[in-house]
Amino acid sequence: MVAAKEAPRVLVFNNHGVGQYVRIDRLPKWGETIRGKDWQFEQDGGKGSNVAIALGRLKIPTAFLGKIGKDYWGDLGISWMEEAGVNICRIRRSEQVNTCTGIILTDHDGRNSIVVGESSSNAMTIEELEEDIGCFSNADILITGFEIREDLALKAAKIAHNKGICTILNASPVPEHGIGMLLDIDILIINWEEACVLAQIEEEEQDGKTGNGYRAQVIRRVKQTCLPGNVIMTLGDEGCMVLEDDICTWIPGVKQQAVDTTGAGDGFLAAFAANLVWGKTITEACRWANRYSAYTVAHQGTIPSYPDRETIERFMDDSGPDTP
């Protein structure tokens, strides 16, 4: 086990849960029963613990904030995070909550759909949040997202923002009622589908529109609608688009034969944040995170696909760009 000795540079406040995996040939229709294959519990921790573990393996001093149950699934999360070197001293455990579980449906092309239960971190109070973030007021970055209640995530961002901590929001899943203004968010990270929801673009409006010109329109509409500092829109193996200081840049992805895309977005987020800690620019961080994600999708599982720093540096050396 790697000890987390340094003061955390990154704080992660989002969901911990445990994923159940099942392979399917296709998604079922409403009212239809289909057979699944290889149903099993896997090392998939929810968006919060996934990001924290990936950061820990990259040797970024990281603390996980949140509340989990005093149950088997909570024990698993503690074990996984400790093994990765994540600081768990502010994880709150309670017999009044059940640790979240979810199900991941994966087809033969590695594509997936995910259903998650309610996060046990939804039981956090504002006072607990203020106390926990206050313990790490010298951190550089706070990462949060919407696998927990969006009001809690945004309150955490506000607390951190007021302390001068860079705030990153992964607005996934996007609430059906929208999210309003994101004035306390320095960097918003979303995928294409989430961007279209936030930009209030209906499917009919998207028909026949492709290419980076249209993508730039969408990401600008997200910025105009929500007012975060900067926006990153991930595009799978096509890379990502960055809107920084009103300049839109497409960063090409790395083509890989996908084995399992589950958790690739969480890996991208962790790799991106790690590069900011290493002093890289947003564009440089996105380019590195694209290559990191290419590594993860070529490997089975979520947490097992997140490499340690030595492994990813060897991969980077073999495939191109410099590492920090």
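Note: Cβ is positioned from N, Cα and C throughout, glycine not excepted.
Per TrEMBL, the substrate site holds Gly46, Lys47, Gly48, Ser49, Asn50, Glu147; the candidate it also names there, chosen from Asp260, Asp266, Asp308, is Asp266. According to TrEMBL, the residue from Asn212, Asn275, Asn290 that belongs to the ATP site alongside Asn191, Thr234, Leu235, Gly236, Asp237, Glu238, Gly239, Gly265, Asp266 is Asn290. Within its own chain, Gly48 (substrate binding site) has Val12, Phe13, Asn14, Asn15, His16, Phe64, Gly66, Ser121, Gly145, Glu147, Ile148 as residues 6 or more apart in sequence whose C-beta sits under 8 angstroms from its own.
The Cβ of Lys47 (substrate binding site) lies under 8 Å from the Cβ of Asn14, Asn15, Gly145, Glu147, Asn170, Ser172, Asp266, each of these being in the same chain and 6 or more residues away along the sequence. Our reading of the substrate binding annotation (Gly46, Lys47, Gly48, Ser49, Asn50, Glu147, Asp266) yields a largest Cα to Cα distance of 12 angstrom. The maximal spread of the ATP binding site, taken as the longest Cα to Cα distance among Asn191, Thr234, Leu235, Gly236, Asp237, Glu238, Gly239, Gly265, Asp266, Asn290, is 17 Å.
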